[in-house]
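K.L.:
One structure is given below, represented as structure tokens, and several questions about it will come after.
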Amino acid sequence: MTTTVSPQQTTTTPPTTGSAELPSVAEGAGVWTTGPRGALLGLGIGAVLLLVIAPLTLGGFGLDLLGRYLCVAMVAVGIGLAWGRGGMLTMGQGVYFGLGAYIMAMHMTLADTTLEGETIPTFMRQNGVEQLPELWGIVQHPVVAVAAVILVPTGVAGLLGWAIFSRRVKGAYFAILSQALAAAFAVLIIGQPVLTNGSNGLSNFHSLFGWDLSDQANRTVLFLVVAAVLLVMLAVTWQLYRSRFGELLVAVRDQEERVRFLGYDPALIKTVAYMIAALFAAIGGALFVPVVGIISPADIGVVPSIAFLIGVAIGGRSTWLGPVLGSIAVSFAGTQLASAFPSFWVYLQGLLFILVIGFLPGGLASVLGLVRRRRSQGANDDGGQAAGSTTAPVSSEQEATR
Amino acid sequence: MSRDHRPSYLEIRDLRVVFDKFVAVDGVDLRVEQGDLRFLIGPNGAGKTTTIDAVTALAPAQGSINHNGHELVGRKTHKIVRYGVGRTFQTASVFEDLTVLQNLDIAAGLRRRPRDMVRTRQEVSPRILEVMETTGLSRHQETKAGVLSHGQKQWLEIGMLMVQDATVLLLDEPVAGMSQGERDATGELLTKLAADHVVVVVEHDMEFLRKYAQSVTVMAAGKVIAEGTVAQVQADSTVQEIYLGTAGTKSLEEAKVEAELLGLDPEAVAVSGSTQSKEN
């Protein structure tokens, strides 16, 4: 990057009357993409920490906890893409997380049932069901289950996304709609106790694809898989962010109409990003089930859907690593504080969210960007014609409602 | 130029745009051909921008809008663009968070395959380099569009039109807020572009119009009231009446200046203005 901008310079041509100039987003919240070297470094550090140091230093409990954080962080990576880059404030990722999780949980419950020599899961028998519902039969085969984890949420997101975005529903309306979806989905799950075990959820899993989940060695392998999947997701988003699609997505976020006048259909671009976010959430959900050992409507409704957002906002939603780091940090803080002061943590979460959206829309990553700019400014002070004109202030309000 | 090398054209017939009950454009006929640099002028509320909006499906259109044999009425914006219609907006609307190069690359990417979309840009296409050269933005290739000066943003918009492969260029007040030097450069560029594009410019700047317009269409109250060369339009009695008649709705000074630039007698404005104020 050779950009040199000095904010001291002022523009020579005054803006026309009536043309309210949109302030640009500060560097940190914007599109600073990490170069290949930085990305490899980031992924390398992540790989060493997660694949080597964590399994060696953490005990079974610690590893399970971290595995849980990583599953939630997968949702955050998707939200970073949809919200940070695509401007879609999706407050209903619980739907896709839940779809992935429930498909996996259904498969695992069935597998355990078969191992026990039964044909129908215990909770169904208690509900007086005598024949396995067809919906369950479908996911009995592991390959079908894995395919369903990938295809069902992505397909649902594709249909919903296209319906929503081609009608040009956006901003706060989209946020409300997505949140209502999460609420409706949780209600749907609770309302079908025969199929889903209602608000109790599905739990008590003993095996995954034939592996014994009570064996610590298997659990460690499971953790390694979770960590590797997250790293792959990060590599994918890194490439997406620096691809032409990534640039187009930012263009759609900032000026949807303008993109239309360049001959693209913004609905299509947004739908694709939304589908990828849904896929990440679904994979996170599917891995959450064997790692945590339970999935219930309490993990997928409105509150968890909003909780997914908080880490993303704090970390810096439009940056590459901000969402994942923010999410892990919030999960960690949550575990620490929730046991010490259970109700206080909820308030603190809310307060943090408000503070970040209000005063630091770029998240903590923007602080880093600010420091970077300060430094490069100092270096550039003595030389170089600057490119243009004024640097516009951060527009927090405008950003937040997108 | 159209793809079969016949001259491009844009033909609007009996265009009506109605918002609720308000008729913004009322039966407009307009034909512009490649090689012409057409200016669309008229007092505020005449329906100039609305006409352009109708062509690009931003306003609900009735009637017929034809570009090189393609009917545009009833099509979606992005489809119309794919037929070769490009436009700019009164407020320069570039992607502020992206660099100049990224802006142009998106504009040029209309016919890119999905496979290329997930890749990183390996090299800058010669066409984009050329356009950056023409619009004087080469130096700012890696600059974020948000920090460009107002004039530079307008130029970037025009540049985006150029790489977009558009055959019809609709420009809404392209020189608003530009310095004299920038205006002249824009005028030269538009003249050059008009040779192989259909160019329609909505403009309030009468000096700019007199210098660069090859033909002028005057609109008032949603209708076309005159069309022809600058001289013909200046001599048109309806135009004189409209421009003088609006004196009451704008400041007298403004009307005088506008009339003078059009080549009319500013004193007539004063008379007409004072009659109106008496009536009120």
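Using the three backbone atoms N, Cα and C, a Cβ is placed for every residue, glycine included.
Sharing the record's features from TrEMBL:
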- A:1-17: compositional bias 'Low complexity' (COMPBIAS)
- A:1-23: region 'Disordered' (REGION)
- A:39-59: transmembrane segment (TRANSMEM)
- A:65-83: transmembrane segment (TRANSMEM)
- A:95-115: transmembrane segment (TRANSMEM)
- A:143-165: transmembrane segment (TRANSMEM)
- A:172-195: transmembrane segment (TRANSMEM)
- A:221-241: transmembrane segment (TRANSMEM)
- A:267-288: transmembrane segment (TRANSMEM)
- A:294-313: transmembrane segment (TRANSMEM)
- A:320-338: transmembrane segment (TRANSMEM)
- A:344-371: transmembrane segment (TRANSMEM)
- A:377-388: compositional bias 'Low complexity' (COMPBIAS)
- A:377-402: region 'Disordered' (REGION)
- A:389-402: compositional bias 'Polar residues' (COMPBIAS)
K.L.:
Three or more CB pairs closer than 8 Å, sequence separation of 6 or more: does that hold for the transmembrane segment (A:143-165) against the transmembrane segment (A:267-288)?
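P.N.:
Yes, the stretches contact each other.
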K.L.:
Quick check: do the transmembrane segment (A:172-195) and the transmembrane segment (A:320-338) share at least 3 Cβ pairs under 8 Å, counting only pairs 6+ apart in sequence?
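P.N.:
The answer is no, given that the two segments have fewer than 3 Cβ pairs within the 8 Å cut-off.
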K.L.:
Using a Cβ cut-off of under 8 Å, list the residues of the same chain at least 6 residues beyond the transmembrane segment (A:65-83) that approach it.
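P.N.:
Beyond its ends, the transmembrane segment (A:65-83) has Cβ neighbours at 50, 54, 58, 89-90, 93, 96-97, 222-223, 226-227, 229-230, 233-234, 237, 240, 249, 273-274, 276-281, 283-285, 287-288, 291-292, 308-309, 311-312, 315, 317-320, 322-324, 326-328, 331-332, 335.
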K.L.:
Six or more residues beyond either end and a Cβ under 8 Å away: which residues meet both conditions relative to the transmembrane segment (A:267-288)?
P.N.:
67-68, 71-75, 77-79, 81-82, 85-86, 88, 90, 93, 96-104, 146, 149-150, 152-154, 156-158, 160-162, 165-166, 168, 225-226, 229, 233, 240, 245, 248-249, 252, 259, 295, 299-300, 308
K.L.:
Taking contact to mean three or more C-beta pairs under 8 angstroms, with sequence separation of 6 or more, is the transmembrane segment (A:95-115) in contact with the transmembrane segment (A:294-313)?
P.N.:
yes
